[in-house]
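Residues or ranges marked as Mn(2+) binding site by Swiss-Prot: GLU307, GLU334, HIS351, HIS450.
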Amino acid sequence: MTDLPYPEYECWFLTGSQHLYGEDVLSAVARQSQAIVEALNAAGLPVRLVWKPVLTDATGIRRMCSEASATDACIGVIAWMHTFSPAKAWINGLLALRKPLLHLHTQANLTLPWSTIDMDFMNLNQAAHGDREFGYVAARLAIPRKIVTGHFSDPDVVRDIAAWQRAAAGLADLRSTRLVRFGDTMRNVAVTDGDRVEAQIRLGSAIETYGVHDLGVRVDAVAESDVDALVDRYLADYDMAPELTIGGARHESLRYAAKLELALRSFLHDGRFTAFTTNFEDLGPLRQLPGIAVQRLMADGFGFGAEGDWKTALLVRAVKTMSRGLPGGTSFMEDYTYHLEPSGRLVLGAHMLEVCPTLTSATPRCEIHPLLMGGREDPVRLVFTADPAPAVIVGLCDMGDRLRLVANTADLVAPPEPLPRLPVARAVWQPHPELKTAATAWIAAGGPHHTALSTAVSAREIRDFARMAGLELVLIDEHTALDAALDRLWAIEQTRASRPW
């Protein structure tokens with residue numbers, strides 16, 4: 001099924017029952033669970049569901065869960081107790097399971113046949129309490145899981161499963177992600193630092209560091225013919241500032257920007273890296289801070305973090321993977337400054353250069369402007385304004401004893417006025433529930449100033465991702481009440497291990 005967004009992945013559908021009811025019932029369970037899988041696949045799930053034979057005993061369950069854990073293509077398991085499946089049989093299997101779990105609380109029939117219902121029907125269709133038995137053991141074992149309730153034909157059920165699958169795809173990709181840091185983090189900045197060993201333990205991502213001189217060698221080795229081809233692509237794809245066109249006064253700067261992109265692409269490809277960071281304080285032999293190169297690489301799905309921010313680079317990569325095939329975009333972002341007019345408080349988000357063009361449906365303009373930081377030549381960048389759309393803004397921070405996700409839903413809006421003198425790509429948004437509550441809660445949670453902003457996924461995928469990755473989540477949305485949020489954060493702080501100071 002190569003038309004799926006994730007043809008390389010699959011999720012397994014496990015049905016629980018027992019031999020108490022006889023072979024005819026087990027045959028019916030198998031037929032009906034297969035029909036559910038076929039219906040869900042036909043409903044447009046992003047990851048193919050694979051039906052597995054009905055499970056009736058502890059040995060079979062443990063083997064199936066162990067097999068799922070050992071199968072790279074399997075990124076998650078959906079469990080459903082069609083009849084009553086005594087949950088002690090699931091204990092060892094659930095303890096062996098190392099893949100995300102979704103508990104689907106559904107049944108084969110949409111309605112009850114009131115006039116003909118008998119005990120044969122009742123014995124076959126008893127997920128109402130069979131799933132409660134399974135739920136008890138999952139809760140007793142504290143298994144991270146998502147519970148979806150409703151008939152499998154319900155569009156809301158399909159959307160919930162699809163969101164969970166997308167989160168599972170993001171986590172599966174992250175567990176094989178290799179990230180390269182070109183240089184270290186920005187000097188004296190706290191939130192971009194962190195425990196890279198803990199991140200690999202928790203998320204599975206390998207984080208490696210190379211000197212910027214290694215990238216500089218690649219830049220020097222780029223063939224001029226390859227630069228010619230990429231420059232032609234730039235000229236065709238973007239509204240080019242006249243000074244950057246062939247024969248223009250700054251055309252050589254565009255050619256050097258193309259060299260940076262080609263060098264970065266080859267380095268990432270050869271090292272099997274799918275995320276990377278740069279740092280304007282550590283540019284070595286590079287003549288420009290990479291701008292258009294980073295923007296185009298993000299547009300192709302690479303994760304990125306500025307100033308050595310590897311946590312945000314991993315997060316951008318994960319969210320881009322979750323959003324594969326969806327409208328909208330995902331980008332590295334930074335809350336830059338506020339519009340505090342009481343009638344409409346807004347955030348203006350941007351960065352020096354590096355905002356992903358997937359956030360706009362317009363043709364970006366390719367420009368060159370001075371950059372005060374870095375002490376290098378003026379960098380080439382794409383300039384645009386993000387399209388109005390619902391969005392979620394997510395940050396990942398190291399709290400010392402755990403990793404925390406902080407997320408805020410928002411509405412991207414058009415700027416109240418044009419921005420003719422702002423030489424960078426940008427987004428303007430109204431955070432939920434409003435700026436005062438959102439910013440106060442974000443700061444109280446220790447949320448970072450670098451984030452992944454997405455108009456493609458929602459808080460639903462982020463919540464599922466946090467749970468399956470074992471990350472603490474602080475979600476700020478339209479339902480957030482400030483005092484309650486602050487009280488919850490303070491209560492969390494009181495449960496942390498005692499500090500040495």
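Yeah, the Cβs are placed from backbone N, Cα and C, and that goes for glycine too.
Mapped onto this structure are the features recorded in Swiss-Prot.
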residue : record              : Cβ within 10 Å
GLU307  : Mn(2+) binding site : 23
GLU334  : Mn(2+) binding site : 19
HIS351  : Mn(2+) binding site : 20
HIS450  : Mn(2+) binding site : 25
Starting from the Cβ centroid of GLU307, GLU334, HIS351, HIS450, which together make up the recorded Mn(2+) site, report each further residue of the same chain whose Cβ lies within 8 Å of that point, ordered by sequence.
GLY305, ALA306, ASP309, THR312, PHE332, MET333, MET352, GLU354, HIS449
For GLU334 (Mn(2+) binding site), the three-state class that DSSP assigns
strand
According to DSSP, folded down to helix, strand and coil, what is HIS351 (Mn(2+) binding site)?
coil
